[in-house]
Amino acid sequence: MLLVNTIRDHFETVLEGLQKRNFPHAEAALHQVLELDKNRKETQVERDRLQAESNSTSKEIGALLREGKKEEAEKIKSRTTEIKEQIKLLEDTYSNYEEDLKQLLYTLPNVPHYSVPSGKSADDNEIVFEHGEIPELFEGKLPHWELIKKYDIIDFDLGVKIAGAGFPVYKGRGARLQRALINFFLDEAIKAGFIEIQPPILVNEDSGYGTGQLPDKEGQMYEATADKLYLIPTGEVPITNLYRDVILNEVELPIMNVGHTPCFRREAGSWGAHVRGLNRLHQFDKVEIVQVVHPDKSYEVLEEMSQYVQGLLQKLELPYRVLRLCGGDMGFTSALTYDMEVYSAGQDRWLEVSSVSNFETYQANRLKLRFRGEDKKPQLAHTLNGSALALPRIVAAILENNQIEDGINMPKVLIPYLGFDMI
RNA sequence: AGAGAGGUGUCCGAGUGGUUGAAGGAGCACGCCUGGAAAGUGUGUAUACUCGUGAGGGUAUCGAGGGUUCGAAUCCCUUCCUCUCUGCCA
């Protein structure tokens, strides 16, 4: 979440940032933050003063008792009872201010980077790069939801039987294609210097708050209510939370982690046109890269991560474009996000397959993720993450773009992983 | 899941109501010693909030939350976690 100090010291910047996101009543909210913080501090000063008085009185009583002066001790005991009541009141007031402040801060999204375009929706995103040719397919080309039936590689009906809509069953070469992609993505990441992590895919509430899924996206996650756990919507959650409440040494930076996890999303209310087949699922696999870096490096690293993801798409020979998300379309916790979209020629659409974001200190503040620099003082690190990559839409694009009349060619880089070159 | 034990600073580990933010040790940092190193020795070694221009203060934190008390790491309650045994199991 945002730091109160940032809001105070850079009020205009923060305000403009929130406005760029079309955040309603931004100015009032920010003023309220400062007001609550001021009240909080004033209450704390008074509370601490009384507490100090109470503490020293208690020490006096202890000293008197040790000297055997019971009566004198009894006498000053009465003094503390009164103070205690006041402290209790101030304590309540203090925690109210603190809680209100926290709740309010939870509602404030991150301040966008200056380069983020303003805009309301996905239509206002800025295309910053395009690569590859959109394939000209033969007459009678099929979208992937037809192809998977034709070649019997992914079965949605079976998934419905086992779980429900949006839980596909991958079969035969479909399953093998998926596994090949996972291995390819992980191997590429390891080559690029990432450390592989296999995290839990159920996480506790603290983790949800740490990366910002809670309270903002409550309802998007599946919940194991009996145990108060959430199924992860992305590997970002467990992997970034590995560093919750951690003070790193500056020399340990950058932290580069990669992990393959299934992801679970309820997607409540987001079904409609354009979500057929693999385009939107309740369960899918994703390889996620996460970095924890020095604040001076985070934008450089964001570019590197973007380049890295693009490299994967190039190796898979998929035409893609890179978008800089506008203020209105960016995730709640992000300061700058690039989306990578591949062109899927069977349905003639761009599909988002990766989202690479710099969160600056927004997550780190919630996570209490810090590092100790030269001056020995802990300071908040910057966190970044990106999909590298999300599986189903990549599968969709591979199937659609590489289809021929009687089969589907596999990308060259995958053949060693697959053990076959065609479906 | 049942029975028992336990959770203290970077780590080990003392501490069952009163100058204990916390003994002692290890580690680490800096200094002394040394030709250099080891050993030895001295000093320092948490985090958050907050007051103060600063030096330097205050408050909180001994898994977490609540309670008893003038005062709690120490007593009580709740909860989480770890370990051992039993059960179950990939």
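Note: Cβ is positioned from N, Cα and C throughout, glycine not excepted.
The feature coiled coil is assigned by TrEMBL to A:33-107.
Residues or ranges marked as domain 'Aminoacyl-transfer RNA synthetases class-II family profile' by TrEMBL: A:176-416.
The annotation L-serine binding site is assigned in TrEMBL to A:THR234, A:ARG265, A:GLU288, A:ASN385. Counting Cβ atoms from all protein chains shown, A:GLU288 (L-serine binding site) has 29 others lying within 10 Å of its own Cβ. Mapped onto three states, the DSSP output places A:GLU288 (L-serine binding site) in strand.
Annotation source TrEMBL lists ATP binding site at A:ARG265, A:ARG266, A:GLU267, A:GLU352, A:VAL353, A:SER354, A:SER355. In the three-state DSSP scheme, A:GLU267 (ATP binding site) is classed as coil. Taking Cβ-Cβ distances under 8 Å and a sequence separation of 6 or more, the neighbours of A:GLU267 (ATP binding site) in its chain are A:GLY166, A:GLN220, A:ARG280, A:HIS282.
Within 10 Å of A:ASN385 (L-serine binding site), judged by CA to CA distance, lies none of the binding-site residues A:ARG266, A:GLU352, A:VAL353. Minimal Cβ crowding within 10 Å, among the binding-site residues A:ARG265, A:ARG266, is found at A:ARG266. Taking every pair among A:THR234, A:ARG265, A:GLU288, A:ASN385, the residues recorded as binding L-serine, the greatest CA to CA distance is 18 Å. Here A:ARG266 (ATP binding site) is positioned 19 angstrom away from A:GLU288 (L-serine binding site), judged by their C-alpha atoms.
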